[in-house]
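Taken verbatim from TrEMBL:
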- 1-12: compositional bias 'Polar residues' (COMPBIAS)
- 19-41: compositional bias 'Low complexity' (COMPBIAS)
- 185-339: domain 'Lipase maturation factor 1/2 N-terminal' (DOMAIN)
- 428-569: domain 'Lipase maturation factor 1/2 C-terminal' (DOMAIN)
- 1-41: region 'Disordered' (REGION)
- 70-94: transmembrane segment (TRANSMEM)
- 142-159: transmembrane segment (TRANSMEM)
- 166-185: transmembrane segment (TRANSMEM)
- 191-209: transmembrane segment (TRANSMEM)
- 230-253: transmembrane segment (TRANSMEM)
- 300-319: transmembrane segment (TRANSMEM)
- 325-344: transmembrane segment (TRANSMEM)
- 385-403: transmembrane segment (TRANSMEM)
Amino acid sequence: MICVDSNTNNHNEGGVDNSTSFNTTTTTTTTATTTGSSSPLGTSVESLTDYITKKNKKKSIKEHQRKKSYFLSTWLFLKILSTVTFIAFFSAVIQVKGLIGDDGILPVSSVLEAKVSSKEINSIWILFIHPTKGMGWSVNDVLHGLCCVGLIFSSLSLFMTTTATYIGIMWFCYYCIVDVGQVFYSYQWDQLLLETLFLAIFFSPFNHFKYDDKPSTPIRYLLKWLLFRLMFGSGLVKLTPIWAGLQAMIYHYETQCIPNVFSWYFHQLPPLYHQFETMMVLAIEILLPPLYFAPRLFRIFASLVTIVFQLGIALTGNYNFFNYLTMGLCVLLLDDAFLLGFFFPGKFKHKLLEIESKRMKSIQQDRQADQRQEFSLSNINSKNLLVPFVFILVGTSSLYNTTRYFQKQTTPLLITRIHSALSLYHLTGTYGLFSHVSVERFEIIIEGSYDGETWSEYEFYYKPGNLSRHPPFVFPGHKPRLDWQMWFAALSKDYRSQPWLIHFMARLLQGTPEVHSLIEYSPFPLDKPPLYIRAQKYKYYFTKWKGGNIDIGVDNDSQWWSRDLVGTFVNSFSLDSLFYKSFILQNNIIKEKEKNNMNN
């Protein structure tokens with residue numbers, strides 16, 4: 001205003017009339033401000049609005065792309081798989097010598113000759129241990145070497161870039177152990193780990209894991225199909241009277257293989273709660289798996305419920321690595337948009353977005369370079385060429401396993417032949433967990449004696465024995481395979497269906513250090529083992545909450561278990577007894593017959 005007044009006064013003093021000029025300028029300025037065509041302020045407002053609109057549109061496009069992207073879930077799945085594999089090898093290295101080593105319960109050498117002659121074993125064992133055709137190494141050295149190599153490459157896969165080469169070596173080492181593991185490595189979760197590792201070879205990159213690497217969609221669907229078979233198969237095998245009558249969970253916590261402390265407390269809950277639990281287990285395992293193939297929100301819901309379900313199983317029992325491997329498979333159902341929004345913390349999320357921004361620029365540059373590059377066979381990824389064959393072969397073989405749930409005997413011949421060819425390498429399996437729930441818990445107690453009159457008990461690391469010892473917590477993922485086999489033996493009516501048990505008891509009589517390392521306490525020194533040994537069968541019960549004279553947690557004499565003697569499972573014998581000599585002779589005859597049948 002001051003400037004305008006000054007100019008007006010000066011103009012008036014000069015006798016010049018500028019009213020027309022002033023009005024014209026005012027009108028022009030007003031028009032420019034209204035239209036926004038020539039004013040700098042109007043231009044800035046319009047540009048800012050366009051910028052925000054374009055940015056929101058770009059953000060919306062990125063969010064839509066993330067809902068169809070599985071880079072983060074693939075990365076997380078591969079890290080979980082590497083961790084599970086590391087634990088599996090670590091669990092094997094501390095017990096494999098006592099189980100299947102040269103001086104173990106079931107030595108590999110006792111079955112290796114028959115398997116090699118029948119061509120039912122990978123030839124790598126011939127290369128390792130054959131004295132003339134191979135390197136002549138001992139079985140113990142080969143087993144420990146396989147475990148150590150598996151530990152090294154699973155560590156590299158965990159802390160460095162997870163590549164197909166690392167996972168392939170991990171699969172091969174574990175396959176070699178399982179192939180000769182006999183009864184101790186014949187569990188469904190060993191098969192599950194091998195099948196997951198094999199598929200992950202074609203699901204992981206060869207060299208560098210970049211943000212622009214697109215995970216193989218066919219292999220991702222095979223892994224999703226594997227998760228479906230595991231969960232849905234576990235639900236189908238539960239269609240038995242005890243599960244259908246909603247009674248299974250009433251006995252589950254007490255009769256499961258290796259209970260923990262939480263199992264004792266959950267067992268004390270009222271029957272109505274256990275009936276509700278049983279109903280929920282059936283609903284989760286039968287009704288939920290089809291949602292793995294449903295639209296996004298249903299798929300995410302099914303994945304999260306399955307993860308919570310597996311955490312509940314791991315919390316109330318000791319179930320090795322299959323819980324964590326199942327949760328890893330569930331991660332593959334979660335897209336990048338969900339993981340960025342709910343799972344990753346703020347700083348990590350910001351870092352991922354920065355990486356994404358840089359990678360998008362490199363993707364555009366790579367695409368431009370690829371467009372300029374001429375097509376040639378050298379530009380083709382050889383691993384991608386194998387994906388269709390893997391998808392067809394593994395998918396077809398898994399269909400054969402699926403028909404077994406419905407007890408169909410009319411499987412097409414082609415599918416049967418494909419399955420037979422792949423079954424040697426444990427590439428597909430039939431899954432159905434916890435189908436049998438016993439209403440009573442039996443335990444086999446091994447006892448030794450010097451004179452056949454006074455008997456002392458052996459104590460295992462994890463299986464119930466001492467009534468005052470609380471149910472243990474097993475290291476997550478670790479599987480004490482001898483303790484598990486003792487539980488299966490206790491379910492048998494006769495020791496003849498569990499011949500490995502006699503071998504185990506004989507090793508205790510021999511004072512074998514490798515076998516003694518599998519148990520927590522021996523009442524006899526290694527240099528002076530017992531002369532006689534026997535197995536007693538007991539019925540075990542969880543004690544009640546403040547029931548009778550037992551009050552858990554009040555004093556040091558509290559008991560977590562009570563037991564009743566059922567009878568003798570294996571009569572006392574010595575290494576020179578007629579019973580043991582007859583057993584060895586009969587066992588050799590059976591092996592010779594099996595070898596002849598395989599050769600024929």
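Glycine residues also receive a Cβ, built from the backbone N, Cα and C atoms like all the rest.
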Long-range Cβ neighbours of the transmembrane segment (166-185) (under 8 Å; 6 or more residues past either end): 78, 81-82, 85, 88-89, 92, 96, 99-100, 105-106, 108, 111-112, 115, 121-122, 124-125, 143, 146-147, 149-150, 153-154, 156-157, 191, 193-194, 197-198, 200-201, 204, 425-426, 481-482, 485, 500
Residue numbers, six or more beyond the limits of the transmembrane segment (70-94), whose CB comes under 8 Å of its CB atoms: 143-144, 147-148, 150-151, 154-155, 157-158, 162, 166-167, 170, 173-174, 177, 193, 196-197, 200, 203-204, 209, 211, 213-215, 220, 223, 320-321, 324-325, 327-329, 331-336, 339-340, 344, 352, 476-479
Within the predicted model, mean pLDDT of the domain 'Lipase maturation factor 1/2 N-terminal' (185-339): 90
Secondary structure composition of the domain 'Lipase maturation factor 1/2 C-terminal' (428-569) [DSSP: H/G/I, E/B, coil]: 30 helix, 33 strand, 79 coil
